[in-house]
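**Q** Input: one structure, supplied below.
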């Protein structure tokens, strides 16, 4: 399949674009008429705009049927077309006033704020009509007229002063006249003084009033002189007067209109140049802000987007089928929240239009404009600003942004995970008789799944004249239908899936076998891969349809081809439970059993003796074998002292396999199957596994293993052991009470005493269990349970932890067999409940970790055979022990196994063992150890130089197949699944070493893995030496200071907690990178001080440490794939003469490419420093905006992508799934895509063994003669006697 495009670009829609895409203007807020149930004209569901509600029928019914296709009804204005256009056609709302898009001004960071250099708070004031913004200013006119205007102002001030003087003079003459009159009237002095005082107050008020007016004029003048474009001014008397007096020189407005006018006049190129100069000249915060602003400005320049598009004059109305209205019972309706939000916008918009037409006062109009802005904000992103808009029951309405983001958003709900046809679901039951590649499919389910294929076959073989008849035959359950079903399913694999699908083995292909009943039958050996059991689990069945899909299912996904676990390369289809019991019983030796000491000439003879009842399968006997492998040698014949049971077991193993003459428990069977997988073909291994399974079940049935209460044997000496340790514990308590011990020492002593007591009881208990005890058999063989569980049941419960994770120093002495006291029961359940809560939390945390890992590694696909970079990393194979001998490095099979050698491996005396380019197998590791090789240089994904993905040579073997990884293998996804799948097994706790706050808390388990993959700085991170030198220690009151004096006299100081355990002493000599204190390191510091290789090792080893502590095997290369993704970015330090910006986080390959271009053109190159980014940050910083948007922070990613006109090169898997392309992995790669599979003639003849030339001719014709005799075609078909021939 060839795609029509290679990349996707997202950019801003202009007003013209929206009008061009739209099919009409939505003018009314109405949805449908509740009487007629038809959409209202010009409303949110209008048929004139969005298309008809019925196929090929206009709104009024004048035009019906498809012959009127494309006709627009002159009566109702509806176009005659399919109703499906209501999913595609959009309308628009013409706004009465412009509004700002909330994503651009309320996002973090505010793009509008950076562009216009306005603080978000000030921007908010302008947009929501709380302040004016100056949008244009005639600076030249102001400059020219400034003197005249000032003279005019001075004249006004002079006039005010003259008026003031005149008013005061008038008041004085009035006062003198009044006093004269009062004196003439012989009024008292007090009265005259009162009149004088009042007059003076009046004159003071006059003076104050005129002074205020003058001061006001001065303020108006100062404000006018200080006016600048972009300046913000509150709506007060001063600014109103500035507008009245000097309104000809400037223009100021409020709301989105002000922003729009600023953006229309905004010069991007000029601003970019000014900011470039600022970056060079400025320092500190000004430089940082200039860089951030330039980043936004450059985004607009590169995308050629018009910034004015951030302000909207029209709003798109999405198709009505995407915001449906559904009729419920009792005549009520349920509608999408978007309809309510659109209705609010339309109502406010119509009201604003009416107010503008009426010429309403400005304050009322501004208030309505603000409400319109808020309504549009709620439509685009409800709750981003202010209180979210709520509907009925106080529920927040879902906006357009909410439709995209989150688990139930468009990306994750509909684009990345779709429901599929040809699928079913049922409960699973065990199918012990199935082969490894088979599953049991219920007949009824198969009939429904394969219905179209059965119909086709019935038509092909002329057993039904048409599709309707064929369907009726299937519904009736005609006998011929079952024959057709048998024939159809023969060559068709089905896929079985069990949720949760934590790794690739959660979906496997099987050949279906028809079974009665309604439950799917599952092979017992694949249960481990699916993590399935038969306590009510359900599984889904899917049907691969195309020939390519069937071929892939058969070759890549068939259960018998998926024997190895992709996480560590070990077999996952291991016998367990009953099978182990059976094999253990079969290979047990009982010296006194019947027939012991006899000799037989063959296994057959021994079996005959057993059938006669003369020989037990457990009796030690001598048997003559032919063609047997013993001690690595193949012998023509040999007499082996063994048991008949062991001989029967060895018959299940393939020819040429060494004879297993030992008791077969879980460990032995595991090593046998490991060896089989390494040496034999998959077909042979699958056959052997089936034989072992059958033998195991057969002899498990005959072993008669049962459990009774009498099998639980308690040690008789338990009380004696307990009383001895009780005395010791009492002594410790007394020492504490008289003050000889601290509380911490007491707790530690008691824990130590009771741990020893528990071990002694467990030891005594194991001795009490006889060899033939069934519980003993189960535990010893590895079939079920362990000695710790048996100790709880039969010995003593022992020490338990409280919910904080601390050990309670008083043990539970009773066992479950004896029964717990009330106190013991309470203490026991206290910690146990915490365990259950932890498990629930762990599952969610682990799932989220897997999701982040998948997201960061999803585009790591093998793209080429060899990147050509031959240097690798050195890995140890052996180490020299205290005895001076070489020993194999623990976990070598999880570090060097399956890798490609980067250089020849030679013995110390220069003999060649392995050549560069060879893959390291288990056998090769053994040869390295035998030859005394200490370390080897291997290729690694950490050093791979492939531009996209990784190369096959650097990755090495695929652990799932045991062969070199193929081009197209999605190794990133496999790595993420391998790390994430066992996540639930990891513990949640932060453990305390000692008492609750005695030492530094050590983060372990899942939180530690998250801490490492997110490259977080740990709490109380341990410092590392930044140079070679000597350490001195200074003790303070609360903390210690470590002072490192380097060899070149530099001094470094580190402050550490008083309780931290030091790794150095005063005067110790340290080397660069040495850890000075116990605890976790900060990966960023490791990178800074020791370099990239050290941080790679630290992260890989840190993650492995957590998984190994829980006994979870994972190969290093999976962790390396994730670490490679974490180290892909660099931070630009000096941008030189390139288009990069200082402080910019950029992909390493892109950085090198831009530097090469600069070098070729003779420009100054940039310099950068390596960064270690956490997986979340790395996922969001990916080249693909589609992948990042579907991961997290959808609105932020989309906003940035739109502004910068981001192009998605469609390299990763997620982005191709989203747009419906084949994924660029496996057979989806162009290398394999052009292959056209066709069935061979022999395959067709095998599918249709009874097809004859007459049928071929009949099928090629266009029509069938009604007189044609179909019975002639059924001659020779094997049909049941009672089958009616039509």
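Backbone N, Cα and C define each Cβ position, glycine as well.
What you see is a predicted model, and the numbers here were worked out from it, not measured in a lab.
Taken from Swiss-Prot, the feature Zn(2+) 1 binding site applies to 58, 60, 73, 76. Under the heading Mg(2+) binding site, Swiss-Prot lists 533, 535, 537. Feature annotation from Swiss-Prot assigns Zn(2+) 2 binding site to 867, 944, 951, 954.
Looking at the shown structure, what environment does each listed feature sit in?
**A** Over all protein chains present, the Cβ of residue 60 (Zn(2+) 1 binding site) has 13 other Cβ atoms lying within 10 Å.
Neighbour list (residue 533 (Mg(2+) binding site), Cβ cut-off 8 Å, at least 6 residues apart, same chain): 527.
In sequence order, 867, 869, 872, 900, 939, 940, 941, 943, 944, 946 are the residues near residue 954 (Zn(2+) 2 binding site), counting only same-chain partners six or more apart with C-beta under 8 A. Following the DSSP three-state reduction, the secondary structure of residue 954 (Zn(2+) 2 binding site) is helix.
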**Q** At the level of the C-alpha atoms, what whole-angstrom distance separates residue 58 (Zn(2+) 1 binding site) and residue 951 (Zn(2+) 2 binding site)?
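**A** So the alpha carbons of residue 58 (Zn(2+) 1 binding site) and residue 951 (Zn(2+) 2 binding site) sit roughly 59 Å from each other.
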**Q** Since the record lists 58, 73 as binding-site residues, which of them has the fewest other Cβ atoms within 10 Å of its Cβ?
**A** 73
**Q** I'm trying to understand the geometry here, so how far is the Cα atom of residue 951 (Zn(2+) 2 binding site) from the Cα atom of residue 60 (Zn(2+) 1 binding site), in Å to the nearest whole number?
**A** 64
**Q** Reported as an integer number of Å, what is the Cα distance between residue 535 (Mg(2+) binding site) and residue 60 (Zn(2+) 1 binding site)?
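**A** Their Cα atoms are separated by 59 Å.
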**Q** Taking only the binding-site residues 60, 73, 76, which one has a CA atom nearest to the CA atom of residue 537 (Mg(2+) binding site)?
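**A** Result: the closest of the binding-site residues to residue 537 (Mg(2+) binding site) is 60.
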**Q** Taking the Cβ of residue 535 (Mg(2+) binding site) as the centre, count every other Cβ atom within 10 Å, in any protein chain shown.
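**A** A count of 6.
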**Q** Just counting, how many other CB atoms are there within 10 A of the CB of residue 867 (Zn(2+) 2 binding site)?
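**A** Its Cβ has 19 other Cβ atoms within 10 Å.
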